[in-house]
Structures are given as structure tokens and as C-alpha cells.
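Chemist: Just lifted these from TrEMBL, have a look:
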- 107-183: domain 'Lipoyl-binding' (DOMAIN)
- 194-243: region 'Disordered' (REGION)
- 232-243: compositional bias 'Basic and acidic residues' (COMPBIAS)
- 244-281: domain 'Peripheral subunit-binding (PSBD)' (DOMAIN)
């Protein structure tokens, strides 16, 4: 246990256990008030630790705070690696500080939280607390609309809301941007009546260490300094057929489907670092935006129209699907499956469900189960592409596309291959209801490995091709069932049968045509012999 943690252990805000201290630091970082945790990571002197911990109740010079903060942002903390290593990859936009201005009492600035891995900005749907209200740890302050869903933001400390900087309906607030002020004493509220955020306290992008193994030299090397080594990098790439990059750069490129071969490294000896990938993504997004504006529809004289603002969810959906179609080589396989036995089994199971009070089982629930079991048989389809390897998942987590008034959501059924049909039916209905209420949490939609989209049952669409949900490698599009006339046993006899068309969209980098066909064969086997799903 470090000396700094011994000090914070006895502070009046934190309990007596080190684990509780780390949890507190985690919450501070998540909600944009992370400076206490960041400062303590770099403190090595007892006096400095006391000044950082106690804050305004002891003298703490600006130079000490600045020095501690700079140390915290240029090193990776080794204490509690399972906790701090996860946080070291998250860019922190603001830091918590207590005012030393004699005109203002000690206060805490609450920033826009980062509530999902891909969130860079958010909207405030509504405040559940108002100025002057007392708040306790765990109470909900407001509802934040992220790039995935609307999430409740909880308070981390006891105090009083002195100022709400951004009210209901505030949009496009950057992560870390100040949204409220909290004070410790109720009598201090009035002093923040005319408070406004100064430019100096506005969120600034703080570059954190890329990863523990990176040297300080690599982090501080400017982009242009490596240009003289560009030729050397190219020679190495051609001669050894190998691209040198940092682990974090490879991970970021992998998550965004960026080929490292298209990047120019600016690190030592032409090594590709995180900043190179970030700059590439920014330039690509800028180019796409410019093209969209250039090709935007011009207003036609005399044409009546209305411009509807894009919600945060709509923007993210558009961006991800555009990225998918531009970077993933799609191909499509379609097959007709006979569903007479499936519908017969569903009727029998629903009769049992009605007797026991369970949820009714839909055709889509049976499709989810069949898809999960087929993925277990053909695990190559339960994978993701990276530049260096193909990641094959051991868990079979099925995302289910749900259309709502707020946009398209894809809640996830985890370990669907191991769950019974009644459990799948109950989870799908509960998650669909949460999606319609715009109350999904990150754990309700993250971590999927395969997606099912059904436009047949609800809308009667016979057949369609779906766009892959990155970083997944396949998505199943389910059409409607229709009755067809089939030849009978004799030349003058015929019979009726119900058939459902399904189309599998595949990423050709991961799934070859024969592998996709094997998966469809396994899926069709479960659909046409549904009792095998119950074994």
C-alpha cells in the first residue's frame, strides 16, 4: 500500500478500506471529477499527499497541484492493474479541483460523464434534481442520452446542487464538459447564482499514456518529428513484410476496421502509435462529412418540406452502418427453410407456457436459439476480424434488432446457446420493452458476437439483406413465412408447406463462402427439425 493511499484511507469522504478507495476513484473518473484520483497516482511525498487529499482545508499551492497532475497524466499507475489499466486507455477531459478563489467557497464541478466506450459527447434529456436540492451518493441527478441509450447519471458525493450549467434538452455536450456545480454547505448555494464557466475551466483534451510498455519518448514525440524516418519505415515494411505498431494502436485500428498498412507511423523508427490512428479516423470522418455536405440535396423552389433534427442515436447508427458498408466486404447467402414442424412445436410449447404463466414463444425466439446452436457448430462465424488475427469468441451472444420511436437498438441475449426457449423469450420481451422506453443500460447491448434482424414477422417482408454490425462478422436477415404448393407422392397429388427465407450477410475477410454455407446448413437443420434444439 503506497503512502498516498494510506492518507486517503483516513479522509472524511472515504471509508477505511483500500478497495473502497479505488472504487471511489473509479467513480470520480467516470463522472468527470477525477483529479483527486489522478493526483494521488503521482504523489510520492507525504506533505504533497496531505495537500492533495484534504483539498481546500489545507494550503495547497498551484505549483504542487500542477506538478501532481502532470505526473499523473504522463505515467501509467501499476497499483491495482486490473482497475487502473482499464482506465489508462480512457481519455480524461477535465479534472476535479476546489476553488482557491476567496470569492467562491469550496465546490465541485460535475462534468458530462463517459457512459459507453464509444461516447464522445452526450445530451441531457432531463434533470431529476433542481438547484438547491440536497443530493446523496447513489441518487440520480439527471438522464443522459448517449450514443447508445438514455442512462441515469448518479451522484457520487453528498452535497447541494448550487448551479445547473446545462439544463434539460442540452445537446452535443463534450465528455468532461461542466454541467453542474455541487457545494458542501447549503449556505454556499447563493454565491453561485451568477456563476458561469470560464474559458480556462472549459474541457481540454488531455493525452494519457497509450499503454504501460510505451516509453515517455514515444508519447512526447511530435507527429512531424518522425517524417525523416518514413523511408526507413517503408523499407522495413517491404523487406520484412511487418508493420511495427503499439498494442493500443493495433486495438484502436482493429475496433474501427482500419488497415495498419494504410497508416504512416510517427513514433520512434516509424512505429505506428495511437495518435496516428486517431488522426486517421478524424480525417476520414471529416472527408465523409465533406462529401455528404457536397452531395446534400439542394432546396427546390416551390417544394414543401421539413428538416427533422438527427438524434444522437440516429447519428451513431448512420456512422456505424456507413463505416460497415465502406470497410467490410459483404456477401450474401440465402436459403429457404420449411417451418411447418417449427410452427407446430411452437404451438405446443405456448400451450404449456400459458398453463405455467410464462411468456409466449415467438418464431423469432426459435430463430435466435437455432442461430446460437449453429454458431456453436460452426464457430468460424462467431468471430471478428483484426489485421493481425481473427478473434473467435467462446461466448455466443446474440444481438436482436429492435425498432423503436427513438431509433434502432440491438439488445443482446448472452450465452443464448445455453439458455432455454422460455428464458430467451422472456429476455427478448423485457429488453424490447426497455428499448422502447429508451432505458437500456450498456450491459444490455454491449458484447454481442452475432446479430439477428427480423422484418418478416412484424412487417411481412419476404427477403432482405442486412448490414453487418461491426466488429461482428455476420448478421442474419429473417423474412416472412409463406405457404407454397409442393408436389405430392403421386403425379396428380400435391401438398402445402410453409417456407421462410433467411439471408446471411458475411464478412469475406473472416468467413469464406463454404463456411457461410455450412452455417446455413446447420441453421436450417435446427429449423426443420426443431425438436433437436430441445436436446
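Note that Cβ sites are derived from N, Cα and C of the backbone, with glycine treated the same way.
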Chemist: Mind looking up the mean pLDDT for the domain 'Lipoyl-binding' (107-183) in the predicted model?
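Modeler: The average pLDDT of the model in the domain 'Lipoyl-binding' (107-183) works out to 87.
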Chemist: Helix, strand, coil: count each for the residues of the domain 'Peripheral subunit-binding (PSBD)' (244-281), based on DSSP.
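Modeler: Each residue of the domain 'Peripheral subunit-binding (PSBD)' (244-281) counted once, the result is 23 helix, 2 strand, 13 coil.
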Chemist: What does the DSSP secondary structure composition of the domain 'Lipoyl-binding' (107-183) look like, as residue counts for helix, strand and coil?
Modeler: 0 helix, 39 strand, 38 coil
